[in-house]
Amino acid sequence: MAEHLLQASRQRQVKVMTAAAGSAGQAAVPLLLCALLAPGSAYVLDDSDGLGREFDGIGAISGGGATSRLLVNYPEPYRSQILDYLFKPNFGASLHILKVEIGGDGQTTDGTEPSHMHYALDENYFRGYEWWLMKEAKKRNPKITLMGLPWSFPGWLGKGFNWPYVNLQLTAYYVVSWIVGAKHYHDLDIDYIGIWNERAFDINYIKVLRRMLNYQGLQQVKIIASDNLWEPISASMLVDSELLRVIDVIGAHYPGTRTVKDARLTEKKLWSSEDFSTLNSDVGAGCWGRILNQNYINGYMTATIAWNLVASYYEQLPYGRCGLMTAQEPWSGHYVVEAPIWISAHTTQFTQPGWYYLKTVGHLEKGGSYVALTDGLGNLTIIVETMSHKHSMCIRPLLPYFNVSRQFATFSLKGSFSEIPELQVWYTKLGKPSERFLFKQLDSLWLLDSGGSFTLELQEDELFTLTTLTTGSKGSYLLPPKSQPFPCVYKDDFNVDYPFFSEAPNFADQTGVFEYFMNIEDPGEHRFTLRQVLNQRPITWAADAFNTISIIGDYKWSNLTIKCDVYLETPEKGGVFIAGRVNKGGILIRSARGVFFWIFANGTYRVTGDLAGWIIYTSGHADVTAKKWYTLTLTINGGFSSGTLNGKPLWKNVSVNFPKNGWAAIGTHSFEFAQFDNFRVEAIH
């Protein structure tokens, strides 16, 4: 065997000198020099003194909130292709971890996600799309780690207070029931459970949660806390032995690659349990590449989880396109495999949870960093990044200035790695299109005649993976359809007998929850409707509006006609609206402007310039009562608008000057039951 390898090595010696040239042409890709004495720094990779920490994986978050909303509406084969790029091993991002929001009915950044328990005696484990997403991830990678974390909670848990810790047992029961439901209805094993995203933790609640998990036979479910900052959770654990015992992982958000002394003193696993959150351009890719290495080097973090998995929400919502890839056009089938997918692959395709970091990891002399991991069975993966300051700024925290410049770096393999004959080489260069490469496989590197050493010429904004694994691949499909705007004419009668998803396509709930509903009392044309199902305000994570609202369509729409049948369920106090030119959503929903046409069960109508109802354009009496269907039409053209009730003009030529464009929307006056049917919008481009 050794003789055969030596022979192969001699045959390929000439290749070694220009190993990196690949098919990209000599000038484009840097030279990989095998043990040539280039002036540069030397870095030893050695396991003689034992190994570093156990690696727990790279992952991403769906939710927090409604970030995968539009993904479920994609037609096949495009939906499956997107899922392959995210989860399929040795294909694309090949993620090790999927973390999902435990829907709590509240606005959690880009929309609301429905709870499995809207009301005290209600349980339904088929709402929303996170169950479906977890199953699709597991289908592609049965070993993927699953995590759940609440952002908001249904209002009944607070017993009148905007606080989830009023009754610790009740909240623990609610969370544990989600874990049990995942297993019972979907055969999903949840591996980690969180406390309350980026909000206060309650020490007694964490202990109650652990006891309830154990009582339900869920000892294997681990607790991560507190999905906020390193403190005060770390200090609390050091002074409370029971708390220290029940928390398995300390998860911090946007740690800037740094940890704190208290967190290290706990001797627990440290994770960056939410990071990235940056526009998925090359700068976002640079951010991701830098922190995937440096979260471990600087902060001992053994898992990094990106917010968010895939940008599948209307781009003009907060943090548009902050996903590892973009899939925000189910109506066209268009999606974009962005650079962060391939940055992920540099680590994910050549490591697995259960591998170990070497102790010999660190910073490069002229900027950049290197890590190395092993499976303990002879495999070695080395990841080198030289992301520049300018091209690797994450959205937060502020990045102190550093310099990266051209350098030669010599790596020497020692200990059990000294006999490795060959390393596969994968390469990325971010920046100018003419010089840009994403996850390109170069010629492999032969080490037999070089005493286990090799030298890399490194420029800025590059990423190298050198690995003994030969299983990596750059997956691809035919290009998806071209990008198209949302259709100018769009209608939905909600006539779905057995809906696969609880929400109607393309509607993005921003406060409240709108679900398919079967009206048993109405055998006629309104048997199947869309219903707003929350009757009380949730325990909020963000500033939910005081009205419920679901948006749809093209943010560029200006002149349009919206028509919808509406049904008030609340006598006297009930109210519903249809709207156009809605200019804000997500965590900014309270301050949304637009043109809102309301009718109320007390026999009045109103036209307002904002969701909150402060700007009143006109109002008056209307022949309206609860428990009856009405057809509303709103027409907006230039600076004027008009509205009809059951086809008869109710108000006309009302002046509307701001905003000039925005989404269409439906909603209710308060957290009340109401139904919508035969929605139709026609926009004039």
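Positions of Cβ are set from backbone N, Cα and C atoms, glycine also.
Annotation source TrEMBL lists active site, proton donor/acceptor at Glu198. In sequence order, Asp227, Asn228, His253, Trp541 constitute the residues six or more apart from Glu198 (active site, proton donor/acceptor) in its chain with CB-CB distances below 8 Å.
Residues annotated as active site, nucleophile in TrEMBL: Glu274.
Summarising the annotation, TrEMBL assigns domain 'Glycosyl hydrolase family 59 catalytic' to 55-349.
Look at TrEMBL and you will find 357-472 tagged as domain 'Glycosyl hydrolase family 59 central'.
Look at TrEMBL and you will find 509-683 tagged as domain 'Glycosyl hydrolase family 59 C-terminal lectin'.
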Considering every residue in the domain 'Glycosyl hydrolase family 59 C-terminal lectin' (509-683), what is the mean pLDDT value? 97
The number of other Cβ atoms within 10 Å of the Cβ of Glu274 (active site, nucleophile), counted over all protein chains shown, is 25
Quick one: DSSP breakdown of the domain 'Glycosyl hydrolase family 59 central' (357-472) into helix, strand and coil? 9 helix, 53 strand, 54 coil
